[in-house]
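Participant: Marked as region 'Disordered' by Swiss-Prot: 122-263, 293-327, 341-362. Feature annotation from Swiss-Prot assigns compositional bias 'Low complexity' to 156-173. According to Swiss-Prot, the compositional bias 'Basic and acidic residues' annotation covers 188-202, 308-327, 344-362. The compositional bias 'Basic residues' annotation in Swiss-Prot covers 244-256. Look at Swiss-Prot and you will find 455-624 tagged as domain 'tr-type G'. According to Swiss-Prot, the region 'G1' annotation covers 464-471, on the basis of similarity to another entry. Per Swiss-Prot, GTP binding site is recorded for 464-471, 510-514, 564-567, and the stated evidence type is sequence analysis. Residues annotated as region 'G2' in Swiss-Prot, with similarity to another entry given as evidence: 489-493. What Swiss-Prot records for 510-513 is region 'G3'. What Swiss-Prot records for 564-567 is region 'G4', and it gives similarity to another entry as the kind of evidence.
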Amino acid sequence: MTRMRVHELAKELNMDNKDLIDRILKLGIQVKNHMSTLTDSAVLKIRQQFSEAKTETVEEKRIGRAVIRRRKKLTEGESAAAPAEGEERVASEALPVEAEMPAQPVEAPELIAEPISKLPPEVGVAQPQLPEEPEPAPEPLIPAVKPEEAAASELAVEPQTVVPPVAAPAAEVKPARPPMEAPAPARKPPEEKETKVKHAEPESLAEPLPSPAPVELTLVPAESAAGQVAERTDEEEEEDDKARPKKAKKRRRKKVRKDEPARIIKLPEIIPEEPEEEAVLPAHLATRIQVKTEEVEVKEAPRKKRPRPEEFEKEAAERKAKGTRRKEVFEREDLYSKQEIAAQDDRGRLKGDKRRPFAKEPARPEIAVVKPGKRKIRVDEAITVANLAKQMGIKATELIKKLLLLGLPANINQAVDFDTAALLASEFEFEVEKTGFEEEELLQVREDRVEDLIRRPPVITVMGHVDHGKTSLLDAIRDTNVIGGEAGGITQHIGAYYVMLPNGNVVFLDTPGHEAFTSMRARGAKVTDIVILVVAADDGVMQQTIEAINHAKAAEVPIIVAINKVDKPNANIDRVKRELAEHGLIPEEWGGNVTMVGISAKKRTGIEELLEMVLLQAELLELKANPAKPARGRVIEAKLDKGRGPVATILIQEGTLRTGDVYLCGVNSGRVRNMFSDRGQRLDEAGPSMPVEVLGLSGVPNAGDDFITLPDERQAKMIAEHRLVKLREKELSRTSKVTLESLFEQIQEGEIKELNLILKADVHGSLEAITDSLLKLSTPEVKVSLIHFGTGAVIETDVMLASASNAIVIGFNVRSETKVQELADQENVDVRYYDVIYQLLSDVKDAMVGMLEPVFKENVIGRAEVRQTFQVPKIGMIAGSFVLEGRVERNAKCRVLRDHVVTYDGKISSLRRFKDDAKEVKAGFECGIGVENFNDIKVGDILEVYELQEMKPVLESPPGDK
């Protein structure tokens, strides 16, 4: 006989492994764990001990005339104590429920008592897993009892099936928890009986309900039933809580097919097997037992011992399917089916599998699907790939892949502009809404009332070709000598002047005529009311004259032509008018609408007539402005002054600017600290059409920026910071955008030489003009690169940057301190200063030429014919030659021609005439010539002697130039 293990014996006895091990150790049998084996004698001893422990005695006690209490006592007092207390409590609670019924059939329970006392205890051990109980299941709170005792009570129920259902629920109440006993009597077993009993006849079903006869019979079995119920295990009682009418019916059908003898307590199965027992009992009693059987039914593998409160039963019944476990209280129906949950263990894992079945479920993409109403993203001027991916709710790697497919390599932190973001969003079916800082709402322009408008001086811009007399004309009008202060005699700044005339005040803007100052001229045309186009009578229409005409037409500004230098002998006014007519400026005397006046700025003739025409044109325009509103203007010029800091020349267009006003200018904001007129006079306020120099700027603004005054300094600072962020994002997206094509071009450009420059200028306008001109100098061979530029003097950081990047520092109209020059000498940095722009551009061109590879030109200086060869020891082959033409020089380049084919190209190593070394031999003489590292000279070869002349390289024209 094979040995039995502890866990097998525990299963047979329906005990927990630990409890059984404790009992075994008390018997003196040594075991280690539940896998330990037991000898046959040990098993027999254990079984005998349990059999003796289960010996029962039944006590009967008459409580009243119609009530008899039977108490089943175990030999072990402690195991029988709990059921006894339960019985007493059950009996006392059952009395009020059954008190109305007569006590006639008291004898019937006596028939039940005999089978209970006669049952051997071994029978309960033989069937440890009986799923059915005769006791009713309405109460969830049942005390735990040993499996053997439960089995014994199940077999004893057969005669007790006559017990009415009213007392049985009370008998099942767990004595350890009296507060939960109250709901038991409230239930109505007779109603359940009528719906669930199958084996009882219809008349027997109807009899027990109206008849009070079963009252006493019900109480007697209730006592015995209480004793039996106390022996049931907690697991069985907890399963009783789960019992439902539907489930009870289905499970009973299954159990009938199995014919398990331990389940004879179910009257529907017991009736055909033991008819003699049922014949003794009245039909109405049998019917009531079926009701209790239905309530006690549905027993499965034992689960948690803690019962569910009654108030949760209804909710649990709706949520659970049959046979499901209590673990379903963890609601995961959103992600998993109930079958998946039922297949999981207590830790949420598949049974027999350590992997979590739902580990990958929470990452389902459909859970994070963006709603249709939210498929719109907001993008400013630029946005990083990471922020765009976050708004779209997709991975940034997906956007990077899409950018690669579009030919735009990018990383997660790279900024893309609005158009690229819109293209990306459309690929993922998103809409893009361009949003920005709503400056328009904060900077709303108030409409002027007619009564608030007053006349303002006209703004006149003087334009024309370089050296045609623009500044000389202004000097004549202002009675000053501005041109004397300009380097090189040409205007390199845009100047603003307020001139008071007898017939009215006028504001003049003097723009440069040099080709480098195109942006200045365009800026002047945008802020002006009238343009005076100066044309030299001796030169006629030139390149910048045509450009000025186009700027004025683009700004839709009326033009008055001043034909200067009419006092010169070679002046030709008619030719000038004819050339202007070719460009759309028809003189009034020719039927056009353009006023043309001949003047001489040096002799100051025609000036008054010109001013009259200007004021007449201004009256026709009816120029008005409101001085009572916040000031708005335009930056004409800006610079960084060493003593005063950033200084900007502002032309007030409307409103009045006062000292202390809060301003916003581009990305700068602050308060106006001081104001000065064009003549250097301090001003407290400036009205419309008045140019002023403003101090107190937080930085050097760009020429052409709007100058606006605001009531709140915090608001101005917020707008300025927002503009700065937008500017940085825009520059970042422009500089960091690298396409596959541009990447290939950069690889090819590795051989292109690059001239690095650091540019510092006095004013922003000059800086802008020089920057544009320098960038236009780039050629396919040499590229001009401005690694840094700004306004102000050359400082130490500029020198250090130039040293690190191998750059040249250029200062325009600025100088540096002595220590800066010493640092430049120490670092071997070339620092150059200029006052005239064309000198600067010329030197930069020369520097670019110096970076080109030298060009050599080949000049043939002589030819000699080999007529005889000589072998000289330690020297080699010597060619006795006759100089046919030119001359032969020692160390000159030489080619050996044989049959007009170059055999060797080398150098003449020795040259002799007779026995003397010669420096050169001219034509018509014979000489001996030795060719370096070449001895295969033959008679008839021609020696061609040449020299390489180094030529100055020439820069190719920049792309686009003609």
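Just so you know, glycine gets a Cβ as well, placed from its N, Cα and C.
Owing to the predicted nature of the structure, the values given are computational and were not obtained by experimental measurement.
Tell me what's around each of these sites.
Facilitator: The secondary structure of D467 (GTP binding site), as reduced to three states from DSSP, is coil rather than helix or strand.
Taken as a whole, the region 'G2' (489-493) shows an average pLDDT of 46 in this prediction.
DSSP labels the residues of the region 'G4' (564-567) in these numbers: 0 helix, 1 strand, 3 coil.
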Participant: Just counting, how many other CB atoms are there within 10 A of the CB of G464 (GTP binding site)?
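Facilitator: If we count other Cβ atoms within 10 Å of G464 (GTP binding site), we arrive at 28.
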Participant: For each of the binding-site residues (D467, K470, V566), count the other CB atoms lying within 10 A of its CB, then report the residue with the highest count.
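Facilitator: Of D467, K470, V566, the one with the most crowded Cβ is K470.
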